[in-house]
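A.B. asks: Quick one: structure below, then a few questions.
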Amino acid sequence: MLLIDPSKRNSFEWHICEGDLVIVYERHDNMKAVKVQKGSVFQNRFGIFKHSDWIGKPFGSKVLSNKGGFVYLLAPTPELWTLVLSHRTQILYLPDISLVLSYLEIVPGCLVLESGTGSGSLTTSLARAVAPSGHVYTFDFHEQRATLAREDFTRIGLSSLVTVTVRDIQGEGFPEEFCGSADSVFLDLPQPWLAMPSVGRMLKQDGVLCSFSPCIEQVQRSCEALKSNFTDVRTFEVLLRTYEIKEVRMDGNGGGEGSPVGPFPRKRRQCLSGEGSNGSMEQTTAVMVRPCSEARGHTGYLTFARLACI
């Protein structure tokens, strides 16, 4: 149910049908993927929600439980799917995925090769980027992981855009049928330098490679292997800093619950809080912005290179 059907291009025109996969949104850090089935219910701390009440509503609707609580029903976009999928392996998150899509120069109609399907987090975004006429061929050496990923892509409506194959790319390389036809290649392998010769044969002239590695030693060896056939080699580490925004109650001194500042001078207190001559003060509210105490740190290094033109 991703944005691949021209008849449903605008999300506000979508309506939920039986059998659809929806993302049940409680808050930004609490979402679940649920398949809509008439007669079934979804239960959480807000109460019981009947699936039959969801059918026919547009995606993005706010629905009520038997207790008056509510959730939002969202379409399973790649961004949301990354947040709710089952983690069979370490996954790429949205900051890394955004950079990968940009630097691989992926547009509709591209043919993309991926080694290291894993949980399929990146694959879903690659599929939407190449839709409707492109294709993603993704490979994983682990048969069970490949099977589960294939099932997930079918659930979210990507089976026509993604082909999953069991293959050891490090040992065997990519299939020769893709020789000279790939616009972009993505590698998520323990020893990516072993696959570099095969990548060079698969890419079109001026094609782009991206290799994801958690350790800098892997990056060093990969860059050494890239010297012979690639140019414009660059490595990035994406570190995202998020901020917490909340409303706090302020006392007449300009301070309040969670306030990092001390009291304002007396004249300013009188202007801000309406302190009168009798010294009485009114409580006000203010918006506080500060860095989140828990931030995701290092995930990995992204190395990009362009196939040198002959």
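Keep in mind that glycine also has a Cβ here, set from the backbone N, Cα and C atoms.
Here the structure is a predicted model, which means the values were calculated and not measured.
Below are the features I grabbed from TrEMBL:
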type    : residues                                 : note
BINDING : S119, G120, S121, L122, D140, D168, D188 : S-adenosyl-L-methionine binding site
REGION  : 251-280                                  : region 'Disordered'
A.B. asks: Radius 10 Å, atoms counted are CB only; among the binding-site residues D140, D168, D188, which position scores highest?
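C.D. replies: Ranked by Cβ atoms within 10 Å, first place goes to D140.
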A.B. asks: Please list residues from the chain of S119 (S-adenosyl-L-methionine binding site) whose Cβ is under 8 angstroms from its Cβ, counting only those at least six apart in sequence.
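C.D. replies: Result: L85, S86, H87, R88, T89, I91, R145, A149.
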A.B. asks: Suppose we draw a 10 Å sphere around the Cβ of S121 (S-adenosyl-L-methionine binding site). How many other Cβ atoms does it contain, all chains included?
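C.D. replies: Excluding its own Cβ, the number within 10 Å is 22.
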A.B. asks: Around G120 (S-adenosyl-L-methionine binding site), which residues of its chain at least 6 apart sit with Cβ under 8 Å of its Cβ?
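C.D. replies: Counting only residues 6 or more apart in sequence, the Cβ neighbours of G120 (S-adenosyl-L-methionine binding site) under 8 Å are L85, T138, A149, D152, F153.
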A.B. asks: Cβ-Cβ under 8 Å from L122 (S-adenosyl-L-methionine binding site), same chain, 6 or more residues apart: which ones?
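C.D. replies: Long-range Cβ contacts: I91, L92, I97, V100, E114, F186, D188.
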